[in-house]
Structure formats: structure tokens, C-alpha cells
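These features come from Swiss-Prot:
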REGION    1-72  region 'Disordered'
COMPBIAS  56-72  compositional bias 'Basic residues'
ZN_FING   78-106  zinc finger
ZN_FING   152-177  zinc finger
COMPBIAS  253-272  compositional bias 'Polar residues'
REGION    253-298  region 'Disordered'
BINDING   Pro317, Leu318, Thr319, Gln371, Lys444, His475, Gly516, Gly517, Asp518, Gly540, Arg541  FMN binding site
ACT_SITE  Cys404  active site, proton donor
Amino acid sequence: MSTLPPGTAPIKPQYLLSTKPQAIPDDDAAEGTTSIVKSAGRGEDDSGNGQPSRRALAKAQKKARQGANKGRRFGKVRDEVELCWKVANGAICDFGTSCRFTHDIAEYIKEKPQDLRIPLLSEFKESPPYGPDLTVIGKPGKKHPNIDFSTKCPVHEESGECRYGYKCRYMGGHALEDEEGNVTLVADEDKKAQVALTSHEINFVGGDVQKQLRSKKYPTPIASAYLEELKSMNDEAQKPQAVVSETTVMETDEAQPSSTDAVASEATQNGTEPAPAEEVISKRVGGVQSGKDEPDVPMRFSEKRRLDWKGKTYLAPLTTVGNLPFRRMCVKLGADITCGEMGLATSFLAGSKEEWSLVRRHPSEKIFGIQVAGNKPHTLVPTAEVIAKEFPTGVDFVDLNCGCPIDLVFKAGSGSALLDNAGKLGKIIQGMNRALGEIPLTVKIRTGVKEGRNNAHKLMPRISAEWSASAITLHGRTRQQRYTKLADWDYIKECVAAVRAREADEDLPPVPIFGGGDCFSSQDYWEKINNYGVDGVMIGRGALIKPWIFTEIKERREWDISATERLQLIRDYVEYGLNHFGSDTAGVNTTRRYLCEALSFQYRYVPIGLLERLPAKINERAPAFVGRSDLETLLASPDSQDWVKISEMFLGPAPQSWVFTPKHKSNAYGSEEGQG
């Protein structure tokens, strides 16, 4: 047995390069960065001259290498000569000669970069140079040496046609060259008909809808009616009202507008009972005036689609890395439930093209949800109504994010900030529920905001029984905690018990409850299911580091996956990425960017064949090590330049102008530091 510091992954001595554990990247810090945030000056002394002290300088240098790269920007890489999209697909351009893109197909093909190809797994080996030279054309055209007629286009192979036409970097896979050198595009009509419903992404929002949203002309009558009710209720709450007791009559003026159910709840928490009328309103209509035409709380079970999630695996919604190609790969590996990346309600209502792209769904995603974040009913309820109207059959549930810890979201009153505002949260959930119709609403929360001040055990029974959420997921950490601290599964168990007790008291069917935090193996997963009362475990970081965890869970085993098998998963991701982001030059390099993002997590995986003890723990830090082959060592490299090299094994050489900036600064330094 090796002697390693506590909290260090127990790697067998023969694979160790150093006994010093490498720093775990701060996932919270990286998640909290945006392209508009600027780095603040660190370590300045108190003299006011802006000069750092020696001690502060040393601390700042250390922190600078451990923090997040703020303001990351990824420019779009385009062809030097840009062909008109309409002409590229054999159509007629509406702009004619005034089009700002070229219509000269022959000239474009002449200047176009050479075709790419995705090597087969059998072409790779586990020692350098690992794979074939992708700069070599397999079957060049007679008059077009830059076209490879032996390549296969992943888009054409899947759907029978390629929507990128002449712009496709794998054009030789769906083109023919005649004796005179003319190149024509071809399609597989039989395959197009066969896969029309199984390969095409769904949940597209058209330009007309985006325009309506931008101009604030999109009709949301359900949301408008609900918000008007809230306004009337708040106006009524601000009026002086007579409160009758057994001994006296007195005039009171409410200090702040709040929903009736929130007032009733606060009274109960203070040890007093709410007035009978308030109690009835609170339980049955959740703070909306009783005179309105409002469905009862039990509507969740009689009219909402029921969520049968027992025994199903759930891939957590993940910002940036939880894109459609990654979700598709996880589905192939065994994930049953998937959810899109978090979208902001304000951006949805502004008609943001980028935000609405987050709701796309691949047909292989069996149970799919859209996650929304916001800070008030006035944005979240209309967003829910738009989603319900645009995708009545394209979404299985909508998830309200009440767990996001990042500063940008929290300080705006969204995400985990809602955990400390039960009155507002109740209004949001009830309003979204009404706007969504039969589409279920789920809620993702944390144990609380501040460490030592958990409140999920109070909120969850209300979220389920009182506010009618159809499922709850609970991450076992507060907003204040960092990933270096373990999730509190004992508290998760306490929260589940509180919900089940409330449901039993009110004779309500149980809603699915999923816990989350630190699940990194099949053994972890089933231990949580068997001992903590949850219906399932939402898996986030565990899936980012080892997407095959879903296979392990389904097969109840720990998979000592080989480097070659991991390479196959990378190849799958590349094909899925090209289908989603595009097979033209821009799409190839967008796929490259997100592949590198995925590898920024997957390099952290320590092959279980190298460990002295199983199962591996997600928070154990790995010392520098070598794998069982050069390829396995490469896949474990913390150097972001090595991730780019891996991308080049499938996507060809990266353009000189293309640079990948990792989220974590420590990954931007040479791997020699990590090996020291």
C-alpha cells in the first residue's frame, strides 16, 4: 500500500510520478465567470499607492494560478471566401447580385480548405502518433485535389442529406465529380424518409416568434391574468384592514405586500395559527383571490402529466458542458432523464436566439426538460406560457432553477436566492404551473443559502403539497459551500421524510424526489437509493468526469474502461457535435471548442485499474501519475494544449487563429508543472 496524504486518490505506487496531490479546480469559481466580468486587482497593500506587499504578492500569484479565467472569448472561425448559404444548398438567393456572400461555387471550391475525415477507431493506437495524418487526402478529386471523395459526412450519414451543402468540410461524402470537374451534391432519399422522425432535432423557435418576443407583442393571456390577480391581491393587502379578536378591534396596516399564503406560513412558524379564511385560501389557491376562476392544488395529479421517475437515471442540467451532443452521448450510455442548460427568463422573453437554442432536443432524449432561472413571476410565468404554447409535445417537464450558486445569478435574486424568499417562490411556482397547463413543473433547490442555516426541510413540503410542483431535486450543499466539502445526505433524508409526512397527512400521491451530490460510482448510487429515501440521484460532476457512470449504474458494476474505449466516446461526441453545431468550418471549430470543454472534466478521471481501493471518490485529489499506456496518460493530461491535440486527432489541425482558453487557470499552464 502506498503512503499518501489524506484526501488523495490511492494510486498504486508503480503509476505515481509524485505523491503531492494536484489542486482540484474550483468548479464554483469557473461556473461564476462570464465574458463581461473583468479581473479585479488583487493583493494591493493599504498604503494607497497600488503596490502589493510581498506577502500579498505571493498569495496573489498562487491564487492567480488557481482561479478562473474570466472574460473567455471564442471567436467564430469562418472560411476565407464565404459562400452564400442558399447557393451552398443549391437554392436561389433572394438578394441576387447584391448578396454580400459569393455565389461562385467553382471559385469557392477552389479556395476552400481541404476536406476532413473522422478516423475509425481501428486506425488508432495507444502510442504516439496515436492516429492517422488527417492532412493526407484519401481519394482526391481529379480537378479538385482538396475534395476527399473517400470521406464520410456525419450529417449525411445520419440524416441522408447534409444541410451545409458545398460549405461542408466533409463534402466529398455527399458529392460527385464528373469528367469535366463539375461537382454536384447528392442525397440519400431512402435514408431521409427512414430517419425523418428519429434523427432531426426538435424544439425550434422561428424568427417570427423571436420578433414578437423582442417587440413585446407575443400574447401571454394566462400569465397576464395571473399577474393581474397578484397585483390586485397586493393592492388589497396594503389597505388598512380590521382584525377582530375576542377582546379588541384594531386597525392594522400591512408593512409589506405579500401573498396570503406567505403570511399564513409566517404566522404558523411564529407559533400562531392563521385565520380560517386565510388557511383555506392558502391551501386551495395558494394566495390568489378566491373569487377568481382558479384550479385547485390537486390539479397537479388530475390534469398534469404524472412523472414516473422511479428507478430512472437523471443527468443534471449543466451550464456550457451540458449541451445537446453531451446529453446525447449520456443517453447512449444509459441516462434516462435529461434537461437542457439553464436559460434566463429575461433572455427568453427578449427573443434571444442563443437562449432559445438551449431548448433543442434530440429524439433520443426519452424524458427531456427545459430549465429556467429568474427572479420574479413577471418574467418566469410568461416564459412558462411561451414554452407551453411553442412546444406542447416537445418538452416533458420544465425545471425551475432555485439552486444556482453563482454570483451573477444570485445577486440578481435568481437561482438559490429564491430559497430565502418563500413568498415570492410560492407565487412563481403557482403561476408557472398554471401557465404550463398539463406540462409538469419541477423545482431544483439546495439545502439552503448559508452554511448552518438549512431551510430545505421547511420549503420542500410546501413546494410539493402546497405549491403543486411535480418533482423536486435537492443538491446536498448550501449555496455558500464549495465542492471540496461533502454533500449532506443525512439532511437530504430528513427533507424527504418531511415531504412524505406532509403528503401522507393530506392524502396526496408522492412526487419524485431526487437527491444530488458526490455520486461517482455505481456503488455510491445504489447506496444512496437504498439508504436515503430518494427516488433517484441527479448526477452532475460525476457524469462530466466519467459519462459512462450511467452504464455502471444500469449494470451495477464499476467499469475499468480502457483508453481506446474512451477514445470511442470522444469520437461519438465529435459526430454528435458536427450534427448539432454544423459540419462547415464554423461548426467544426465550435465542436472543437466544446470537445475541449468536455475534456477539461474528463482528464480528472483516474482509471480504476490504477487504484488500490474502490470505489473512487469524487473529492479525492489525484497526484501526478502515468497511465497503463501513452494514450491513457495523454487522456489524463491537465494541460489544455493536450486537449486541443486530442481534438486534432478527430477534427484535423486547429486553425492558427483558434485558441482554447480553459475555465480553470491551472489548466492553461504547461503539464510539466502538474507532473512535478
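Keep in mind that glycine also has a Cβ here, set from the backbone N, Cα and C atoms.
Locations of recorded Swiss-Prot features on the structure.
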{"residue": "Pro317", "record": "FMN binding site", "Cβ within 10 Å": "25"}
{"residue": "Thr319", "record": "FMN binding site", "Cβ within 10 Å": "16"}
{"residue": "Cys404", "record": "active site, proton donor", "Cβ within 10 Å": "23"}
{"residue": "Lys444", "record": "FMN binding site", "Cβ within 10 Å": "27"}
{"residue": "Gly516", "record": "FMN binding site", "Cβ within 10 Å": "27"}
{"residue": "Asp518", "record": "FMN binding site", "Cβ within 10 Å": "21"}
{"residue": "Arg541", "record": "FMN binding site", "Cβ within 10 Å": "21"}
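Checking Cα-Cα distances from Cys404 (active site, proton donor) against the binding-site residues (Lys444, Asp518, Arg541) with a 10 Å cut-off leaves Lys444, in sequence order. Classification of Asp518 (FMN binding site) by DSSP places it in coil, neither helical nor stranded. Secondary structure at Arg541 (FMN binding site), taken from DSSP and collapsed to helix, strand or coil, is helix.
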